[in-house]
Amino acid sequence: MSQLETFYEVMRRQGITRRSFLKYCSLTAAALGLGPAFAPRIANAMETKERTPVLWLHGLECTCCSESFIRSAHPLVKDVVLSMISLDYDDTLMASAGHQAEAILEETMQKYKGKYILAVEGNPPLNEDGMFCIVGGKPFLDQLKHAAKDAAAIIAWGSCASWGCVQAARPNPTQAVPIHKVIKDKPIIKVPGCPPIAEVMTGVITYMLTFGKVPELDRQGRPKMFYSQRIHDKCYRRPHFDAGQFVEQWDDEGARKGYCLYKVGCKGPTTYNACSTVRWNEGTSFPIQAGHGCIGCSEDGFWDKGSFYDRLTDINQFGIESNADEVGTAVAGGVGAAIAAHAAVSAVKRAQHKGEQE
Amino acid sequence: MNTPLNSKLLDSSGRRIVVDPVTRIEGHMRCEVNVDDNNIIRNAVSTGTMWRGLEVILKGRDPRDAWAFVERICGVCTGCHALTSVRAVEDALGIDIPLNAHLIRHLMDKTLNIHDHVVHFYHLHALDWVNPVNALKADPKATSALQQKISSSHPLSSPGYFRDVQTRIKKFIESGQLGLFANGYWSNPAYKLPPEADLMAVAHYLEALDMQKEIVKIHTIFGGKNPHPNFMVGGVPCAINLDGTGSSGAPVNMTSLNFVLERIREAEAFIKNVYIPDVIAIATLYKDWLYGGGLAASNVLSYGTHTVVPGDKSTDLIPAGAIINGNWDEIHPVDVRNPDEIQEFVDHSWYQYANGAKGLHPWDGETEAKFELGPNFKGTKTNIKELDESAKYSWIKSPRWKGHAMEVGPLSRYIVAYASGKEYVQEQVDRSLSAFNQATGMDLGLKQFLPSTLGRTLARALDSELCVDSMLDDWHQLVNNIKNGDTSTANVEKWDPKTWPKEAKGVGTNEAPRGALGHWIKIKDGKIENYQAVVPTTWNGSPRDSEGNIGAFEASLLNTPMERPDEPVEILRTLHSFDPCLACSTHVMSEDGQELTKVKIR
């Protein structure tokens, strides 16, 4: 029986009642911020769509994106993997290895040509002919380009695939590059963060399966549904920023009262992500709530913007809006002095490196 | 006396089997073995196939930022590198942290160990023992009886429950889209569980997926997120405010402490009622498969962990020590600062040392990439068919302790703890062995049972129990300390780099989920001058050294029979018992990074 089933059929056959199914659709609509009116549309989509094959590749990375993904609470990752998508290739979780694993990649690519989703965690190194990351005896770069060729859509999970992340921090010894540098003929949905929030990851996938389209993206390719506002914009400590109440030093009176962390380096004002709204691990908390400033892990090049404890410059305390919009670009230049301390990197190399990235 | 095997004694004349990628691990790895005419592995070659150069990237940066960089070494053992890093910096600068910070770090570290072990066993390792396809043949009633027999306290044990799980799996398999289970080795006779045990294990695979997302919420409370929670030099960033103004918005308050306690209790129930009984049940049903001991039967190393009294290593719940040649009667002290003890060699790694140096202590670690394939390798540079292990063959270096190859990990630390007379550990191990012997009618001794693939997997489960039990102690101690009026979480006396000496060096150690982890740092003028991490998978996955000493992965595969050499079930089973983490294991690089030696194919 190789006929594809719809998500609804799978759920029903697992003994889930229609009522529970509709409740699930309402929750999904709420999780996506779509309101109750969208629940019937989600239900309809799930009743008529097939399970979409997903190929999940791993380049140079730390697997934090996969780990985050399996933390998803709504939907639960077991429901995603058993019922919503067909996770045909994922070397972190798949049963088979070696040539049996590689065979699956080819099989799915042929059988579902133009219909599978390619999800990429990590990125390809270009130095040493790509041999800083080897899969099946060959450069990961080859596998990536090969799998991208016939994908319906490409998702760049996390900051590695989206921006380069830690291995691409100066001096980027392996010349690791974000995937859009090597896949140039297809749109890429960037879901940055180190890692991205679990429900953001499953939210993006659920949206695509439900509505049959790519979510609306910003100019940099990030879904607006999660990345259109700064953490600062919705931070529960924002009133303390506006009132001029700051943590001046760790564990001081302000830290205990939950004052704003801006002065101890919080990058919330320049970081686009959903941490202060969706929060982490089923809404349990998020970095600022736990007392440490945001380190800006969903932003391009966040490793090279000075110390995580350096205070952002160029932010006005009051009437922030007009100024903070410029912050994202201003900061990159503003922290040049701090970066100058990177004695190991010569100015020449830096210039070369910059040239390579552009 | 149990001397480890030397590479000179290996027979590589038989058929060569290549497994690449090795899946269900962190990162990228390749394994090649030679099997003889009876399909017994006589030579094994393990290769780290990725490299990122994080330590080079750290040079010149603020030491207070290092934890965040090195935390990204690995998102699976998330937090353990960050913790080891702040310890190294604090060691270098002479910073003592408050007791509350010490306890909160303990809670985070143990949370990580438990999470890592559970996900490893159920989601990475289980499919080496468990056949989900065979679960379809199970009788749900018999499965229920089995569940109640091995663990009467676990509530999810009714026939109806197992019937539902079975139905779900049946429909999934019948859909024809097998997803993660596709191309598995489900007809291989290496799978030996009866259908009921397979069904029970599949149910627990799904339960563990639910459980793992709960335990990590302890990281979210104290570190703001998981994976990759936040740490801080000098203490922890989560301030405590139990009943003052702003308490409800403070990181640590009454509700978050209650929340943490609930997560610990849930984990305790899962570990004691599901995880440990499952491992013992599987061991019992695989009683004749006692392969995979390798180096564990002779050389094991632990740095010690879970220090009860801050700064006093003699209060470690798991002690430090090294055992050589299987002599459990002698525990050698380990000094991570001594330049003659821990050294890294690169004879068979894709690096080279200047000035013909042999082994280098991490503080003096000096490396340069040299990607070079040996004279007998097959293929091309970018399409490797077979590696030549007589030359360089891995991105992993070879750390050695006083010249010895050492196995590290939960099994190693459990052997050291047992041999050191730690009563808690002895009770756990004796209890498990006695349950095994009773169920199988066998009479195995400790040294027959523990150094094996199954022993490695059991040690990880027992380690989880030790962690969760001691987390309850930590939690109560934290609350008592707060009750006594101490709410301090950070020591900021040396936060400002102006207070630092011109030069300093330090080392931080830990027993990470996969074993002995050390970070060595040199600080100069307020910046990182040199940073080296020697991580568990570097020890275990190391290639051979100049003396021919074999690393733990390779040693563990030797003499294992394979049912079907084309289906690497046995190789995966034993490699997975180490929980390999390749992103962790592969590191250093030339000073400038960009100047890479070109490949030479001789």
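Placed from the backbone N, Cα and C atoms, the Cβ positions cover glycine too.
Listed in TrEMBL:
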TRANSMEM  A:21-39  transmembrane segment
DOMAIN    A:62-207  domain 'NADH:ubiquinone oxidoreductase-like 20kDa subunit'
BINDING   A:Cys62, A:Cys65, A:Cys160, A:Cys194  [4Fe-4S] cluster 1 binding site
DOMAIN    A:227-308  domain 'Cytochrome-c3 hydrogenase C-terminal'
BINDING   A:His232, A:Cys235, A:Cys260, A:Cys266  [4Fe-4S] cluster 2 binding site
BINDING   A:Cys275, A:Cys294, A:Cys297  [3Fe-4S] cluster binding site
(message) Spatial neighbours of A:Cys294 ([3Fe-4S] cluster binding site) among the binding-site residues A:Cys62, A:Cys65, A:Cys160, A:Cys266, defined as Cα within 10 A: which are they?
(response) A:Cys266
(message) To the nearest Å, how far is the Cα of A:His232 ([4Fe-4S] cluster 2 binding site) from the Cα of A:Cys65 ([4Fe-4S] cluster 1 binding site)?
(response) 23
(request) Determine how many residues of the domain 'Cytochrome-c3 hydrogenase C-terminal' (A:227-308) DSSP places in helix, in strand and in coil. (result) 24 helix, 6 strand, 52 coil
(request) Give the three-state DSSP assignment (helix, strand or coil) for A:Cys65 ([4Fe-4S] cluster 1 binding site). (result) helix
(request) Using DSSP reduced to three states, classify A:Cys194 ([4Fe-4S] cluster 1 binding site) as helix, strand or coil. (result) coil
(request) Please work out the number of neighbouring Cβ atoms within 10 Å of the Cβ of A:His232 ([4Fe-4S] cluster 2 binding site), leaving out its own Cβ. (result) 26
(request) May I ask which of the binding-site residues A:Cys235, A:Cys260, A:Cys266, A:Cys297 is closest to A:Cys65 ([4Fe-4S] cluster 1 binding site) if we compare their C-alpha atoms? (result) A:Cys297
(request) Return the residue, from the listed binding-site residues A:Cys160, A:Cys235, A:Cys260, A:Cys275, with the maximum count of other C-beta atoms within 10 angstroms of its C-beta. (result) A:Cys160
(request) Would you find the one among the binding-site residues A:Cys62, A:Cys194, A:Cys266, A:Cys294, A:Cys297 whose Cβ has the most company, meaning other Cβ atoms within 10 Å? (result) A:Cys62
(message) By the criterion CB under 8 A from chain B, which of the binding-site residues A:Cys62, A:Cys65, A:Cys160, A:Cys260 would you report?
(response) A:Cys62, A:Cys65
(message) Spatially, which candidate from the binding-site residues A:Cys260, A:Cys266, A:Cys297 is nearest to A:Cys160 ([4Fe-4S] cluster 1 binding site), comparing Cα atoms?
(response) A:Cys297
(message) When you rank A:Cys62, A:Cys194, A:Cys275, A:Cys297 by Cα distance to A:Cys235 ([4Fe-4S] cluster 2 binding site), which of the binding-site residues ends up on top as the closest?
(response) A:Cys275
